[in-house]
């Protein structure tokens with residue numbers, strides 16, 4: 001089989017779309033193999049030409065591996081100012097191709113611990129028609145390179161792992177390679193937009209405990225305001241940006257507990273107010289009964 005040596009140079013990883021479970025990556029994708037049919041000994045003057053470079057679509061007439069990206073949703077080869085693709089043919093028959101591509105890839109994300117989650121996304125590629133009897137992929141020495149000064153907006157890239165894979169289908173075994181991106185979500189955005197506001201709303205609802213129980217307008221307005229604010233926060237977070245999943249996320253639990261605490265503070269006043277009124281009604285009844293008995297005893301003594 002033809003050994004195809006591959007390497008990836010990741011330029012950027014961006015646009016994590018949790019609602020679609022996709023992410024976008026820009027990279028230089030390089031493949032190298034040996035084709036003895038392309039060996040040559042061209043000379044120009046007194047020097048031998050060591051390599052011939054073909055740009056754009058000029059290389060399409062030569063044989064190339066039929067590599068495709070397995071989890072690609074959408075992709076493109078950049079074409080500014082020319083098509084970002086070239087092939088180098090060396091005099092000994094070695095061939096190397098390089099592409100600058102942008103891929104939108106699918107990623108099965110788990111949001112149970114969101115937004116303190118860790119995601120494991122990958123990019124894998126294989127031969128579309130050639131089995132392992134024809135083509136075998138292998139990593140180059142550098143394998144995958146990543147510019148460490150590049151930052152991902154939503155995540156911190158913990159590490160990149162490479163994989164050597166074999167896909168088994170009815171039509172045969174196919175060689176494949178893949179990379180795994182270990183990603184930790186950045187928490188700062190959710191601290192300032194969700195966690196801190198939720199804590200402040202809960203603390204604000206507790207201020208009703210220090211208000212005079214007879215100040216009904218103040219306590220009711222404070223309770224309704226905090227309940228409605230927490231409801232808005234609970235409904236608004238993640239709408240349109242997160243997928244509809246069958247399980248409850250960690251952020252949902254946090255907001256639900258916060259909502260219960262705010263609602264409980266509001267309900268506490270209603271319960272206390274009801275018990276307070278019932279208590280005073282009982283006192284009034286007892287006072288009336290006492291007065292009736294006292295007045296009855298006084299009348300008996302006078303008579």
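Start at 1 and count along the chain as shown; that gives each residue its number.
Each residue, glycine too, has its Cβ placed from N, Cα and C.
Whatever TrEMBL says is automated annotation, not expert-curated.
Remember, predicted model here, so these are calculated numbers, not experimental data.
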The annotated transmembrane segment range in TrEMBL, which must be one of 162-181, 222-241: 222-241
Feature transmembrane segment in TrEMBL, mapped to one of the ranges 253-272, 273-292: 253-272
Average model confidence [pLDDT] within the domain 'Neurotransmitter-gated ion-channel ligand-binding' (1-185): 91
Same-chain residues at least 6 beyond the ends of the transmembrane segment (190-210) whose Cβ lies under 8 Å from its Cβ atoms: 115, 219, 222-223, 226-227, 229-230, 233, 237, 251, 254-255, 258, 261-262, 265-266, 268-269
DSSP residue counts for the domain 'Neurotransmitter-gated ion-channel transmembrane' (194-274), split into helix, strand and coil: 63 helix, 0 strand, 18 coil
Distal contacts, the transmembrane segment (253-272) - CB-CB under 8 A, six or more residues away: 194-195, 198-199, 201-202, 205-206, 208-209, 213, 219-220, 223-224, 226-227, 230-231, 233-234, 237
